[in-house]
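Some notes on the structure that comes next.
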Amino acid sequence: MGDHPELKWLGSLRVSIVEPRKETTQDGTEGRAPAFVSYGIVAETTLPHFARSYMATRKRFRDFAFLHDALVRDFPMCVVPPLPDKHHIESLAGDRFADDFIQRRCSELQLFMERICRHPTLQRARILQLFLESSEWYIDMHAQRGHPIASASGAPEPDVPAPAESQSSLLESLSDSVMNAFSRVRKPDPAFVEMARDLEQREDTLSHLDRVVNRIRFHTADDSHSGQVVPLDDIVAMPVDTLDADMGSDYGDLATALEQLGVLESGMTSEFEKTAEALRSFGSAQRDNSLDAIQPVSSRLRSLLAYSAAHRSALRQRDLKQVDFEGLTDYLASMVTERDRLVTLGHGGGGNVRGPGIGGYLRSTVDRALGVDEEQARIERIQRLEARITELQNAVSTTYDSTRAFNTQLAQENTLFKWGLQRELKETLEKHVQGHVDMYARGADMFDALLKKLEEEDDGDESLSLAGSSGADAAGTRAYGGGGHEGGHHSSNNSSSNSSSSNMHSFEPDLDHSREWSAAEPT
């Protein structure tokens with residue numbers, strides 16, 4: 001925080017999402033009542049406006065959605081972090097209570113709250129304070145919404161038609177949005193042009209990282225992801241062989257093949273089984289790394305892209321304010337020009353009161369036919385223009401101040417966004433790299449242990465072979481020393497001839513033992 005002196009924090013706020021659990025509404029039973037998932041929230045803060053430094057509560061997803069919408073409404077100049085998508089494939093497929101989906105949603109909500117809590121303005125929002133420490137959250141929520149409270153337990157209130165004023169304001173905002181969508185800033189600020197270009201480059205970098213991570217993800221994913229729908233751009237970016245390659249399953253298949261081979265090779269069954277066990281364990285490590293280090297990276301990158309889109313939306317709002325300011329300035333200039341023309345007309349200038357052009361001529365002709373006093377009409381029109389010019393001057397001044405304040409706030413938002421982006425990318429890539437380091441370190445330990453076991457078995461086999469050779473030598477020595485010199489010589493000759501005869505019919509003659517018996521014969 002010390003690296004950004006323009007950003008001022010009054011304290012720290014740390015929030016943790018813990019213990020998600022499935023619940024049902026209070027007026028129903030399991031299986032028939034609507035079920036939902038609630039998330040435990042634990043918060044610690046040093047901010048002075050909080051009543052307590054430690055808070056614990058439980059909220060469901062729609063409460064987080066209400067918090068997001070309230071922050072967007074109350075802080076239009078701030079880049080409010082995006083909320084996780086409500087509808088996932090798992091939710092549409094009826095598997096929204098699966099452990100994997102709940103844990104992923106919990107991680108996304110944790111990231112959402114972290115971004116809010118590290119924002120120097122949003123962390124002081126009144127709605128966030130109520131969200132964390134209020135014991136009557138649903139009452140406060142309905143009070144903030146401005147709707148009548150149907151139930152303190154959170155039961156949905158009946159639909160109330162919107163007032164006519166709100167409907168008209170909605171239509172006006174829609175018409176303004178449609179008109180501004182086709183407007184362009186005539187005098188763009190170079191600082192914000194550079195900001196938009198830098199944001200576009202960051203989005204391209206994040207998209208490239210996401211594609212690279214998806215290549216790794218689908219290369220090492222487990223069987224549960226084999227039927228997952230892949231975006232078209234990811235399919236185009238991937239090599240052909242990575243979609244069908246599953247390293248975890250491949251190691252498992254190789255382990256199974258080695259076990260079957262060990263059944264056929266009875267003399268090496270133990271070695272094959274130990275090797276298969278090590279390969280199967282390394283395949284499990286590959287799948288664990290895909291779940292713990294690769295998939296979270298992909299989710300975080302997509303979340304950063306959504307956050308960048310929110311920042312881009314704020315830049316677009318700034319451009320719309322600039323368009324409004326330029327439009328008001330042009331309108332004011334046209335009103336001033338018209339007033340000056342009418343003033344000049346009263347001093348003998350050419351023209352008519354109704355303005356130049358064929359339209360002004362026709363209206364002036366109608367006024368003369370109706371007997372309208374042109375001088376009186378000119379004076380009244382000047383008075384109306386004066387009032388309109390005063391109103392427009394106030395509007396231009398207000399819009400200018402609002403635009404400058406928005407520019408200042410957006411510059412701070414850009415600094416905060418880049419700082420948060422660097423921090424999150426660093427944490428994400430560190431987790432990704434550490435996951436691979438742990439996986440390969442685990443694999444190295446597995447194969448080191450395998451080599452040690454195989455070497456121990458080889459040493460044991462050599463010891464048994466040497467022990468068998470020593471026993472055969474001792475038996476031959478006893479046979480030679482049992483008779484006299486001639487008997488021994490005769491026995492040795494017989495043994496040598498028998499050994500030679502036996503070796504002639506053997507596929508692998510024991511030449512070392514033959515040399516030992518020959519050396520033992522007396523000269």
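Glycine is treated like the rest: Cβ placed from N, Cα and C.
Mapped onto DSSP classes, the domain 'PX' (13-135) shows 48 helix, 30 strand, 45 coil. TrEMBL lists 13-135 with the feature domain 'PX'.
Annotation source TrEMBL lists region 'Disordered' at 148-167 (among others).
TrEMBL lists 375-402 with the feature coiled coil. If you look at the coiled coil (375-402), the same-chain residues 6 or more away from its ends with a CB under 8 A from one of its CBs are 321, 324-325, 328-329, 331-332, 335-336, 338-339, 342-343, 345-346, 353, 367.
Residues or ranges marked as region 'Disordered' in TrEMBL: 460-523 (among others).
Taken from TrEMBL, the feature compositional bias 'Low complexity' covers 463-476 (among others).
The compositional bias 'Low complexity' feature in TrEMBL is assigned to 490-506 (among others).
Annotation comment: TrEMBL describes 507-523 as compositional bias 'Basic and acidic residues'.
Across the coiled coil (375-402), the prediction's mean pLDDT works out to 87.
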